[in-house]
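**Q** Okay, these came from TrEMBL:
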{"type": "ACT_SITE", "residues": "D34", "note": "active site"}
{"type": "ACT_SITE", "residues": "N82", "note": "active site, proton acceptor"}
{"type": "BINDING", "residues": "D34, E221", "note": "Mg(2+) binding site"}
{"type": "BINDING", "residues": "35-39, R47, H51, 79-81, W83, R85, R202, 208-210", "note": "substrate binding site"}
{"type": "COMPBIAS", "residues": "1-11", "note": "compositional bias 'Basic residues'"}
Amino acid sequence: MLNKLTGRKKMSSPEAAEELQHEKIPSHIAIIMDGNGRWAKQRGLPRIAGHREGMNVIRNIVKACNNIGVDTLTLYAFSTENWKRPKQEVDFLMRLPERFLSVELPKLIEENVRVRITGELEKLPDYTKKAVNKAVDSTKHNSGLILNFALNYGSRSELMDAFKDIYEDVDKGLIKKEDITETTVTDYLMTSGLKEPDLLIRTSGEMRLSNFMLWQLAYAEFWFTDVLWPDFTQDNFHEAVKAYQKRQRRYGGV
Ligand code: IPE
Ligand code: IPE
Ligand code: MG
């Protein structure tokens with residue numbers, strides 16, 4: 001069955017979604033999926049149990065995005081600072097893309113989702129790279145939701161690399177210093193080609209960016225919830241979109 005509003009395959013139709021104003025759906029939603037460790041701790045489980053549970057939530061949120069016609073969903077999965085965690089936890093996190101995609105990739109293909117990765121892939125273990133490259137490659141012709149995983153992503157390092165690349169291209173005479181604009185910087189970032197996020201959601205009660213998309217979020221609307229990521233539901237997601245729809249975006253105007 002097709003969704004009347006989006007023409008996409010209909011995944012689910014929770015009542016909350018029906019209440020949304022369909023002309024004001026955020027085009028790009030970014031989520032800092034936080035609170036897996038605390039979720040596990042509350043249950044006396046090891047932190048990795050929280051990551052496993054959190055992985056299952058992604059499925060529901062992808063469905064919800066597809067259902068309401070979001071263009072791009074960016075999920076912050078691993079930051080450049082997360083390498084500081086205990087080796088056992090990092091190892092588990094590095095295995096997650098493989099685990100997730102071994103089950104979900106066929107469904108993502110079937111749902112016309114295009115997988116994209118934003119982050120420094122070279123530094124990831126081979127099995128992680130292999131899993132994500134396969135997903136990117138086998139969905140590259142899909143035209144539906146862009147599911148963008150921020151994996152080994154850090155905004156400062158991204159900006160620094162962009163500045164270096166711009167400097168190099170000026171040096172080579174490929175661009176002129178006086179021609180550098182905001183669009184130039186945007187185009188040199190890893191997110192080049194993506195729209196900037198309209199709505200940023202962070203779970204688990206933390207109210208900080210943790211080095212996430214500092215440039216791209218300049219005019220995004222922020223929405224925070226105390227709900228821990230493994231407990232985050234489609235209803236919570238719709239609540240965030242509803243709150244977004246009540247915001248007045250002024251971009252410095254009146
Ligand atoms: C988010 O949950 C997942 C990653 C950062 C990979 P956390 O692991 O940060 O969970 P808390 O914040 O410790 O509860
Ligand atoms: C941000 O969460 C990174 C991801 C969700 C992948 P963290 O849990 O790493 O952030 P801090 O350490 O609380 O700022
Ligand atoms: Mg955290």
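The backbone N, Cα and C atoms fix where each Cβ goes, and this holds for glycine too.
I'd like these features described in context: how deep, what's nearby, how far apart.
**A** According to DSSP, D34 (active site) sits in a coil region rather than a helix or strand.
Counting only same-chain residues at least 6 apart in sequence, those with a Cβ under 8 Å from the Cβ of N82 (active site, proton acceptor) are V90, L93.
Listed in sequence order, P26, D198, L199, L200, Y244, R247, R249 are the same-chain residues six or more apart from E221 (Mg(2+) binding site) with CB atoms under 8 A from its CB. Look at E221 (Mg(2+) binding site): DSSP puts it in a strand.
Around the Cβ of L209 (substrate binding site), a 10 Å sphere holds 15 further Cβ atoms from the protein chains shown.
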**Q** Show which residues of the chain containing T80 (substrate binding site), separated from it by at least 6 in sequence, have their CB under 8 Å from its CB.
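**A** Those within reach of T80 (substrate binding site), by Cβ under 8 Å and sequence separation of 6 or more, are G119, E120, N152, Y153, G154, S157, N211.
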**Q** For the binding-site residues G35, G37, which Cβ has the most other Cβ atoms within 10 Å, all shown protein chains included?
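**A** Answer returned by the neighbour count: G35.
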**Q** When you tally the Cβ atoms that lie within 10 Å of each candidate's Cβ, which of the binding-site residues (W39, W83) has the highest tally?
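**A** In terms of Cβ crowding, the pick is W39.
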**Q** For ligand 1, which among the binding-site residues G35, T80, W83, L209 have a CB under 6 Å from it?
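**A** Among the binding-site residues listed, those whose Cβ sits under 6 Å from ligand 1 are G35.
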**Q** Taking only the binding-site residues H51, W83, R202, L209, E221, which have a CB closer than 6 angstroms to any atom that belongs to ligand 3?
**A** none
**Q** Measure the Cβ-based neighbour count of D34 (active site), defined as the other Cβ atoms within 10 Å of its Cβ.
**A** 22
